[in-house]
Each structure stands twice: as C-alpha cells, then as structure tokens.
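Look at Swiss-Prot and you will find 11, 12, 13, 14, 15, 16, 17, 18, 19 tagged as ATP binding site, backed by sequence analysis.
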C-alpha cells in the first residue's frame, strides 16, 4: 500500500462520518475533505438566489459559476468558503440540510464537484468523506469504509449537533427527515448511496468513535507493512 493512501469514508446522514474523518486525518496527518460541505455550500447559494430546488437546469447553471474551497484554520478546523465567503456555520442550518439532497441529485452539480474533489486527492494522503466516495469519486482509494447506524441514533446525533448551534428540532421530525434523506440518497440516479463492493461496513450505532478511528488506523498501518 502507498505510504499516503487515500481513505474513502461513506455513509448516510448522521452516521458519524465527519467526526471519524476529522479525527482520522489528525491522527494520520492527512488532508480532510468534507464533500458534503461542498454540496451544502451549493445548496446554500441556491437558497440565497431563490433557485427552485426542482429546477435541475437552473441548479446546473448555478453550480457551473460557483466556487467552493476548503481550508484548515490555525486550530486545525475545516472552514468552507463559498465564492470567497466563509459559510462554515451557515451551511449547517436546518434549511440547508433539507435542501442538500435535492441539490446533490443533479448530475451536473455532482460532475462539477467530483472534478474538484478528485483534484484535491490527486496527491494521496487524503481522508475524504461523503456519500459516493468509494464508488464514484475515488473508486481506486486504498481504504474504503462505510459507516452506518440506526435512523434513531443518527437523528439523536443530528439533534445534538443542531442544538449546539442554537437550533431546536423535534426527535420525531428529525427521524422523518433522516429517513426521507436516506430515500433520496439511495435512489438518485447519479452517485447513489451504496457501499462499495470492497468497503468495510462498520455499524457504529453503539461503538465509540475512538474505537472506529483506531480500527481504521490499524488498517492503514497493516497496509504499510505489506
């Protein structure tokens, strides 16, 4: 295995991908790429511009003239820039969460962002998380992980995340939103949410995130010794 392999982490909303990917990138000294944040940035722009989320040609035109960049600040936290503006906090709003799957299902939007994502990973040493990293974006990634958890557990985690940002959402409502998002993500024509054939599937409903990270680090270490 390459000493600086690319690691693909996929899974549904709330499965813990971002937390695992962030910790893993720090542990290994790799670049962390949150592809979901990139789609959220495009969704935010669509909302701001008043683009109908059912208007796929309109969303395609929007994506074509949109710049999304990811940078790490002095504390090692990922910052998301939309056309030069830091939108790291705003893209996590409930409105964007509802819109992002509708934006991400547009083929031209995915093509635009996948191009950017592949360029970021061209040198290796990347931890990239999203919905179709191991199947579409980086099908040749040396390590592929698919994280999953029950809808109830994912809803609980998402509610806690939103509460920390000042948003209060009912648990039942959140479960319904998670379930609907799963439906959209798994049935879309472009890059549907499915595990890669060679991915390791990890159910982290009750598994501490530290244990998940330790398992993946062990895989990287074992590969380097081969």
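The backbone N, Cα and C atoms fix where each Cβ goes, and this holds for glycine too.
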Relative to the mean position of the Cβ atoms of 11, 12, 13, 14, 15, 16, 17, 18, 19, the recorded ATP site, which additional same-chain residues have Cβ within 8 Å?
20, 129, 147, 149, 154, 157
Which of the three DSSP states, helix, strand or coil, fits residue 17 (ATP binding site)?
helix
So of 13, 15, 17, 19, which of the binding-site residues has the fewest other Cβ atoms within 10 Å around its own Cβ?
19
Within 10 Å of the Cβ of residue 11 (ATP binding site), how many other Cβ atoms can you find? Include all protein chains, please.
25
Under DSSP, is residue 11 (ATP binding site) helix, strand or coil?
coil
